[in-house]
């Protein structure tokens, strides 16, 4: 009997493969970074070939390092950076342009022209706010600006995919062109009520329906990995979820009202809203969490574009630390931020502000400011952005938050988690397994093939590592929040003409 599930976790800065056993324990991890390209101000691109080659490499490397054979692999699950957009020639498999990354802002002005007339309609159909973040305007840009792309599309020879779709296309040698609702719901072309691609939205963005993948559930067999990549050609690809929805599932937030925050490149807070779509009055997004069988689960989401990535900037741009981990020890040498506030909106503000023209701001600097104050303000800036989303979410659901679960690379920082708990004045719960995004994809794949019988069996595997409880006096929190709000106002509309 097969003993393992492999999760392919394709992220914004690296491709990873993680092998899990039946207990949900990590057997092996392989990871490779790949470059991001910034050809113009506000543009962010990846090479589709680099995404595929690094993902294939880490999958094969993980299998080799774990010394397992193809018959030991029960299935593969895929989780991915969402919204990132690729178009390729169906006949040759060659991309017609680079992958336009979710962080890319080139279509901001175009999105602005649509907001007044179409904003309400798009919000009602998709649960999303018109923004360059989502795939629709990126597809439109490629079709309008890349020579030959529109002609290929009209002939039916062009394929669109988010990263999950591209990887499955490559793994199956072009035999399978699919996605799942968690990814489709991030394109701004998918109606989350009918669970179908929406003809009115496709017409608005002038996108031919023929280029789109088939939308299947998040947990079923889509196809098999070609024997060129795993010998035998019998390993099923059986689970798909966008990274944030996968983390919600991996955290076993499977009951209505449960929430998690992922501290990755960005920060993404999701609350399970069950089988009901909660329409936000506070600039949050309604999205599909997953679909298993015929049952659709929805979520309320708030995301900030720069979370853990700001620590990379402090390391590589500001150069006041040599390693990302060093920010914790540096920040811990001071008791507070010394009046310094860092709003790390380098690529604009996401929820709940949705300001495409905001830019990163460090404010409150004096002659007494040190690198340690800036380090602490960096960690606080991450936590305070998350605070603003939680307060918006509480208004939408009419309930106060008592705790939430955390994951992602930066959640390993005890100092950041303590700051987060202090600002919230409620408990932060960190699980033993932080690889919850990959674990969610593994669980979805395993459920499809009977590796696990149901979510109740899986839920028993979730284990708490530690809980962070608030230590900061409420009056000090109020002071921090007052100045944080002033700093946010300073960062807003910075480059608006």
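The backbone N, Cα and C atoms fix where each Cβ goes, glycine too.
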Additional site residue, 265, 347, 369, 370 [criterion: listed by Swiss-Prot with 12, 16, 308, 409 for ADP]: 265
Of the candidates 110, 118, 133, the one that Swiss-Prot places in the glycerol site of 82, 83, 243, 244: 133
Rounded inter-Cα distance in Å - residue 243 (sn-glycerol 3-phosphate binding site), residue 12 (ADP binding site): 10
Residue 409 (ADP binding site) CB neighbourhood, other CB atoms within 10 A: 17
Neighbourhood of residue 83 (sn-glycerol 3-phosphate binding site) by C-beta distance under 8 A, where only residues 6 or more apart in the same chain count: 102, 133, 134, 135, 138, 162, 186, 187
Residue 244 (glycerol binding site) CB neighbourhood, other CB atoms within 10 A: 30
Greatest C-beta neighbour count within 10 angstroms, which of the binding-site residues 16, 82: 82
Among 82, 244, 265, 308, 409, which are recorded as binding-site residues, the nearest neighbour of residue 13 (ATP binding site) by Cα: 265
Per-residue Cβ crowding (10 Å cut-off), top of binding-site residues 12, 13, 14, 265: 265
Cβ contacts of residue 312 (ATP binding site) (under 8 Å, same chain, 6 or more positions away): 324
